[in-house]
Amino acid sequence: MLLPWQQTIIILFLGVNSLVAALRNTYRTVEELPTIPEGWIQGKPPSPETSIRMNLALFQEKAHAFEQMVVDISTPGHSNYGKHLSRRTLKDFLRPRKEVSDSILSWLEEAGVAKKSILNDGDWIHFAISVSQAERMLKTRFHYYHDSGDPSVFMIRTLQYSVPSHLAPDIHMIQPTTKFGKPKKHGNSIAKLETIQLSSNATTNCNVTITPQCLRDIYKMGNSLATPDYRNVIGVSGYLDQYARYNDFYKFIDLYAPDLKGANFSVKYIGKGQNLQNSTKNSVEASLDIDYALGLSNATTVFYTTSGRGPLVPDLEQPDQEHNSNEPYLDQLHYLLSLPSDELPAILSTSYGENEQSVPEKFSNATCSLFAQLAARGVSVIFSSGDTGVGSSCLTNGRKKVSRFNPTFPASCPFVTSVGATFRINPEMAISFSSGGFSDRHIRPRFQDDAVLTYLDKLGNQWEGLYDPRGRGIPDVAAQGSNFAVYDHGRVGMVSGTSASAPAFAAIIANLNSIRLNANKPVLGYLNPFIYGQGRQGFTDIVHGGSRGCAGYNSTNGSAPAVPYASWNATEGWDPVTGVGTPNFEILAKIVRDL
């Protein structure tokens, strides 16, 4: 006969087991969209056998400690400055507890996920699964969703998904599921010209057309060129079927940077990425990025071409890249983070983005964390800020639609350096399309406080309610972004947009890195703590011009509510059009030598 205390223990034990069993049979919603995102139309369900490559992000218990570590590594004067992490050290720091990984892996296998398709990468788990398996496992239904502006573009998505309640605290997100983003090239306009006549007067000519020599003159670079070095590689992101053409690049160098004749770039293929040389598609973005990243720096340059809409397991439903449903950002980031330190680029320049609100919050946070991981490993991640000024549609996409300025992502991630655009010289001015503002997702980092709060004090209550004053300020810096000469398909044209500003700024950073490496110092890595600290005196404040937007138009259906006179003005100090200003290479070179 059991004693009373023994009976109590047995009852408690049975109760705990019953609770665990109950939790295993209940589900908790991880992500849910209130409606189908604007610009998408729900279509038919995919075939049950259609294969999807899933990315599962685990909850990071050490997220705050990790982010502080990244800031410390990147802050001049800190004892850890420049001590970038190896891949193994980073993975070990972020790796979840073994029991967490084991429980999720067991769940995947119980759901029928083939063990050989599972890649356990520490804080992320990747796996392939059929639609029917995913629907059972995530208690959801997938459909094809078509781009209302381009019916040839469609993807497999759902509006919500759930996981077992006992696993929910450890799962941050699973994608592709609720991510309906439309990454766009940040090119405001393209003007095709047969020839561009250049005069010997750099000042006069550079108000009409920007070339590498113009940028050298404007930003006081002189004849500085980076020494090609595997430790100082500029990585250029290629998405959306943009191809970097060798013949166009050679012609550009011959005409606009003849001192670099013989320079070249290499290509790395991610997923099903291609770099077609005979495609008839417009590749101005790829040409622009390569021309100025390399033509202004001479640094070793790599074009990372990622399949247009992410990696694809081909099948009858998605037979080719035109019908690809997955996410290129995640694919590129996981590829780069898998590289050993001696193969990792020192700089990653990307001229693509989308409205921040179009990106699910958990996706935004998880992707931003991956950019932070690149920062921890010493990569300067540079993004164009966008070409919609204060915003385009300026309307929230939730159930309650209200007017709102639209920040862009990934430019709004605090761990990337966001580059706005200027035009003209003497004086250099903010250009109207340069995107900026304040993130609705990411809180302003402390090192931005002095600069941004000074601006907000001057702004007062203007535009109150249309932005979040607590948000990360965008952009960080600016560079010329109007009428860049570029070669595409054998013809010279001019391109405007922050997509021109980003590779130009990346090239300047490569030249600064070269100075540090020649002095046996590490590359600059994550730039923002430096920009808002010791580096700030190396930027020219832009106080003329401003951005515009919210004009009552959007690219999906043409109509949107207008916000009269919506704008951000360039002003003394940091502003949400040009950041802290444009680089002065002479001053920056002196600063980085002494860090």
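Using N, Cα and C of the backbone, Cβ positions are placed for all residues, glycine too.
Checked against Swiss-Prot, the residues ASN201, ASN365 yield a single entry marked N-linked glycosylation site: ASN365.
For the glycosylation sites shown (ASN264, ASN298, ASN569), fewest C-beta neighbours within 10 angstroms: ASN264.
Put simply, ASN264 (N-linked glycosylation site) is 40 Å from ASN569 (N-linked glycosylation site) when counted between their Cα atoms.
Within the same chain, residues at least six positions away from ASP575 (Ca(2+) binding site) with a Cβ under 8 Å of its Cβ are ALA430, GLY436, TYR455, ILE542, TRP568, ASN569.
Distance from the CA of SER499 (active site, charge relay system) to the CA of ASN298 (N-linked glycosylation site) is 19 Å. Nearest in space to ASN207 (N-linked glycosylation site), taking C-alpha to C-alpha distance over the recorded positions ASN264, ASN365, ASP541, is ASP541. Here ASN365 (N-linked glycosylation site) comes close to HIS172, ARG441: these same-chain residues lie at least six apart in sequence, with C-beta atoms under 8 angstroms from its C-beta.
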